[in-house]
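Features as listed in Swiss-Prot:
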- 42: L-glutamate binding site (BINDING)
- 102, 154, 174, 197, 239, 240: pyridoxal 5'-phosphate binding site (BINDING)
- 198: N6-(pyridoxal phosphate)lysine (MOD_RES)
């Protein structure tokens with residue numbers, strides 16, 4: 001079978017070693033004679049897995065003891081609603097920093113539950129190049145119950161590498177597309193959330209890392225499934241959780257730890273992204289419209305000079321085992337999502353095809 005590299009923005013490529021282990025254990029997990037998909041979430045075996053999964057994530061990120069980790073359902077979209085329901089307090093309003101599609105979507109959902117102020121931090125110059133230059137919001141942040149931002153916008157390929165400065169305000173981050181891609185200081189955040197389907201595992205489970213003092217202030221009408229205090233007290237199992245997705249996350253976390261932790265992960269991600277951006281900048285055939293300081297390590301966007309060539313590129317790339325390179329419908333063009341599981345070989349194969357395509361279509 002032809003080797004395939006999956007550049008999908010999500011659900012995304014998973015580590016081959018993780019998939020191989022899951023395949024090996026599928027019918028007989030921990031010598032129990034059953035699949036992990038069939039094991040009760042209340043069983044001792046699964047409870048031990050859940051505990052170990054949290055411990056592995058805590059070690060990867062050096063999560064402080066005064067933070068709780070939740071494994072929930074509903075994806076990032078669910079958290080768009082859960083966050084204002086749990087964090088809005090006496091100030092009655094939140095600030096959303098808008099850097100693209102997903103930060104805007106989260107702000108629109110939050111408006112159903114609280115007053116929202118939006119601040120557009122994305123700029124575009126005369127050449128059409130996007131950048132984010134403002135990162136200090138300490139002069140306005142403390143009038144809000146929390147400040148929300150999305151450090152990596154998958155659609156446009158814009159990443160904000162510096163953590164926003166918000167003074168004593170609560171900082172909330174949607175890290176769905178760059179969680180575990182590099183090391184960060186968790187203590188600078190009040191809450192981090194992420195859908196699993198890019199760097200953590202398969203779709204179906206959502207990680208929430210929340211500072212303990214922010215728990216217990218949910219609005220009265222908050223459904224129990226979105227109430228962080230209720231979920232903490234129930235060990236994220238107020239209802240039957242997505243056990244197979246949880247299990248796969250556990251394998252991914254162990255895989256990352258065995259591969260050298262987040263320092264090694266970041267080094268590999270920097271290497272992959274640098275190689276691809278360097279080729280784009282020197283190609284004179286493809287174009288990237290993100291300023292170097294804001295180029296995403298995870299989602300590399302590019303385009304040719306016309307839509308017909310873009311469509312031809314995507315089709316021929318797929319024929320050559322390079323899948324899911326079509327850009328999001330909002331922006332068009334192409335997008336190579338090179339999350340943690342994408343090997344360097346995949347990026348090199350993409351560049352080789354890009355060179356060939358450019359030569360044939362100039």
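Backbone N, Cα and C atoms are what each Cβ position is placed from, and that goes for glycine too.
Under the three-state DSSP scheme, residue 174 (pyridoxal 5'-phosphate binding site) falls in the strand class. For the pair residue 240 (pyridoxal 5'-phosphate binding site) and the residue listed as 'L-glutamate binding site', the C-alpha distance works out to 9 angstrom.
If you count neighbouring Cβ atoms within 10 Å for each of the recorded positions 42, 198, the highest count belongs to 198. Comparing the binding-site residues 197, 240 on other C-beta atoms within 10 angstroms of each C-beta gives the minimum for 240. The Cβ of residue 174 (pyridoxal 5'-phosphate binding site) lies under 8 Å from the Cβ of 76, 79, 102, 103, 106, 148, 149, 150, 151, 193, 194, each on the same chain and at least six residues away in sequence. The Cβ of residue 239 (pyridoxal 5'-phosphate binding site) lies under 8 Å from the Cβ of 225, each of these being in the same chain and 6 or more residues away along the sequence. According to its DSSP assignment, residue 102 (pyridoxal 5'-phosphate binding site) is helical. Within the group of binding-site residues (102, 154), the Cβ with the highest number of other Cβ atoms inside 10 Å belongs to 154.
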